[in-house]
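One structure below.
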Amino acid sequence: MDDETENKINVLKKDSSGHSSIDISIVIVNYNVKEFVANLLDSLYKARNNLNIEIFVVDNASSDGSVPYLRRRFPDVIYLKNDYNLGFGKANNQAIRKAKGKYTLLINPDTLVRQDTLSVMYSHMEDNPETGASGCKILNPDGTFAPESRRSVPTPMSALWKILGLPKLFPNSRRFSAYYLGGQDEDSPGRVPVLSGAFMFFRTDVLKKAGGFDEQFFMYGEDIDLCYRTMQAGWEIDYIPDTSIIHYKGESTKKENLDYVVTFNKAMYKFFNKHYSFGYTLFFRIFILTGIILKGFISYVSALVGKLSQPITDLGILNILVIVFFVWRYEIHPANILVHYNIGFLAVNLLLSVIYLISALYYDLYGKNRFSLPAVIKSTVIAFAGVVVITFFLRDFAFSRLILMLSAMAGVVLLTGIRLFQINRSQKAPNIPGSFLERKVLLVGLSEKTPELIRKLRSRADWNYKLTGLVAQNTDYKYDEIENVPVIGDLSSIPQLVRYHQVNEIIFILPAVDYDQILRTISELRETSVYPRIVPDSMDYIVGKTNVEYLDDIPVMDVNLPYFTRWNLFVKRVLDLGLSFIMVLLLTPLLALPVIFSRKKISRLNLYMSESRRITVPLILPYSEHRWRNRYMLLLQVLAGKVSLVGSPVIPDKKPHFANVKPGLTGFRQLSENRLYHEDEKQMYELFYLQNYSVWMDLDILVKTWMYRRPTLSPIDESSN
């Protein structure tokens with residue numbers, strides 16, 4: 001240790017007796033992520049143990065009502081509210097200047113700490129007076145190690161390797177992965193040059209003497225610069241893997257955003273220019289600047305290509321279909337396509353592409369509706385219909401209507417098929433309309449609030465999930481089931497349960513499960529694809545990796561239910577007639593005679609739609625033994641208008657239904673019947689169907705019924721017994 005550092009340590013020890021009674025000042029900068037901040041604050045208060053802490057939340061002009069929301073829940077926090085977004089560094093500095101603690105923790109809002117995190121970091125700093133700052137192990141939401149937990153100061157060479165992408169190819173190389181300290185074990189403590197800006201535990205005196213963050217860095221690079229200046233002042237920086245945090249890594253700034261690319265790469269050059277430019281020639285500085293610009297350009301273009309891949313794919317499919325059907329229609333040999341498919345026909349392709357893109361933009365097909373099947377179908381139909389109309393009036397571009405019609409039909413099938421594949425290929429995704437596969441969910445934590453959460457989950461009719469089971473926080477649980485959901489194990493058995501039941505998602509219930517248990521469990525599941533989420537003590541939302549989903553909806557009743565509009569009733573009847581006619585036509589050769597010969601076994605079943613309205617349908621009982629014949633007879637009732645393909649449950653009970661809706665062979669409620677146990681839950685699903693009705697919803701229900709389930713007519717089965 002040199003004399004200068006030893007003098008600093010002696011001064012620090014001398015001043016410590018007169019220091020503030022506050023042990024740790026904690027600084028959080030918030031920008032429109034109030035739910036994440038609420039979760040973080042909850043974990044920090046649980047982690048304070050015997051330490052005296054003060055917490056600053058600096059709000060950078062959030063538009064989501066963050067400050068009132070947080071102040072109601074955490075009144076002891078000190079709130080600093082800005083009128084506009086000052087940037088990460090400047091906002092932190094506002095609180096750093098007011099900090100009174102012996103130590104200051106700078107922490108990102110989208111993180112969670114373990115219950116020992118503050119104690120471990122405090123003790124380490126107390127035991128190592130030569131250390132000016134320290135950081136802990138950072139975990140990704142899936143439990144994997146985040147390499148930015150500790151880094152090196154970016155030198156021109158390490159920056160060059162990073163620009164070339166070599167750290168990803170050689171993550172353990174000390175040379176090519178020098179930026180992330182390649183080759184250093186994630187569980188080995190030691191001195192490091194740079195900490196992650198997500199978690200930086202500083203001596204307050206050191207932090208204030210350094211002047212906090214350099215405010216010329218708006219969003220990126222300020223953490224590297226601060227650590228570099230701390231080392232230049234003679235202080236050590238330590239990496240402490242004995243405790244860990246989860247960093248959700250908010251992804252609101254995407255690489256395809258040009259502002260993000262410019263800001264990030266400008267910050268990288270600012271750091272180089274500030275600390276290294278004096279040691280290099282003008283030519284080398286220009287070379288580094290060129291490399292940074294090139295890296296930013298490549299990142300932006302590659303991300304943009306990824307974003308444009310979907311519309312390019314869609315347009316490619318539609319235009320190829322037109323050419324394929326053109327070749328088929330006129331029996332052209334593939335080698336002669338260019339001879340027969342002239343410039344005039346290419347104009348049709350261009351016209352089709354333009355109209356399709358305009359329709360796609362109108363329906364936001366590549367934004368929030370990127371997985372919307374109705375938006376895909378509408379855009380495709382409008383594009384081909386537009387081409388038909390325009391070419392009809394422009395004779396120079398006349399084109400076969402048959403080719404366009406066949407191309408439109410094939411295009412609808414292929415594009416919707418691609419969307420369905422994209423929706424269902426990953427069960428880690430949040431709730432997306434059109435997902436056929438149920439997400440299998442484990443609820444972790446038993447308390448008096450667990451039944452309430454189960455009921456809230458069941459009330460979300462728009463979520464496609466299956467509650468696989470409950471997991472107790474310890475081995476001495478007293479329940480076999482709660483709200484008809486079985487208790488299938490404890491925390492220690494979660495990895496086995498995830499594999500055995502093929503679980504897609506785990507929801508941790510606070511405070512039944514503490515943050516230490518959550519982080520430990522997530523770390524154990526790092527090799528799986530399970531998607532972890534957390535429900536806070538308030539039970540009003542669920543926090544995932546990049547999104548927040550609210551559990552409570554405002555119970556507003558729409559008086560003009562879309563289901564009962566004349567147009568929707570007409571379209572629904574057309575759908576019933578068309579599909580049932582086709583199915584009856586296909587089944588008649590197979591089932592007509594068996595039904596005729598079973599006439600003596602046919603019973604009349606009364607289905608009550610209201611106290612005064614009754615529908616009588618013929619069925620062969622017991623239903624389960626004559627399932628296909630009964631389905632055939634029900635299809636005949638659909639043709640007659642007594643029953644619908646999609647409707648309310650077929651219940652032979654004088655008790656009226658929730659609404660005056662035709663019974664259906666399947667239905668929205670029927671698809672979820674196996675997880676609904678209370679009458680109010682069942683009514684919630686029927687109401688959701690009426691409030692959100694469209695013909696597309698009926699088609700979605702029919703496809704789900706056909707692909708993954710038999711129509712749910714279990715009440716009839718029960719009545720037959």
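Placement of Cβ uses the backbone N, Cα and C atoms for every residue, glycine included.
Features as listed in TrEMBL:
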DOMAIN    25-209  domain 'Glycosyltransferase 2-like'
DOMAIN    635-706  domain 'Bacterial sugar transferase'
TRANSMEM  282-305  transmembrane segment
TRANSMEM  312-330  transmembrane segment
TRANSMEM  342-363  transmembrane segment
TRANSMEM  375-394  transmembrane segment
TRANSMEM  400-421  transmembrane segment
TRANSMEM  574-597  transmembrane segment
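Across the domain 'Bacterial sugar transferase' (635-706), DSSP classifies residues as 38 helix, 8 strand, 26 coil. For the transmembrane segment (400-421), the partner stretch with the most Cβ pairs below 8 Å, chosen from 312-330, 342-363, 375-394, 574-597, is 312-330.
Listed as Cβ neighbours of the transmembrane segment (574-597) (distance under 8 Å, sequence separation of 6 or more from its ends, same chain) are residues 628-629, 632-633, 635-636, 638-639, 641, 644-645, 695, 698-699, 702. The average pLDDT for the domain 'Glycosyltransferase 2-like' (25-209) in the predicted structure is 89.
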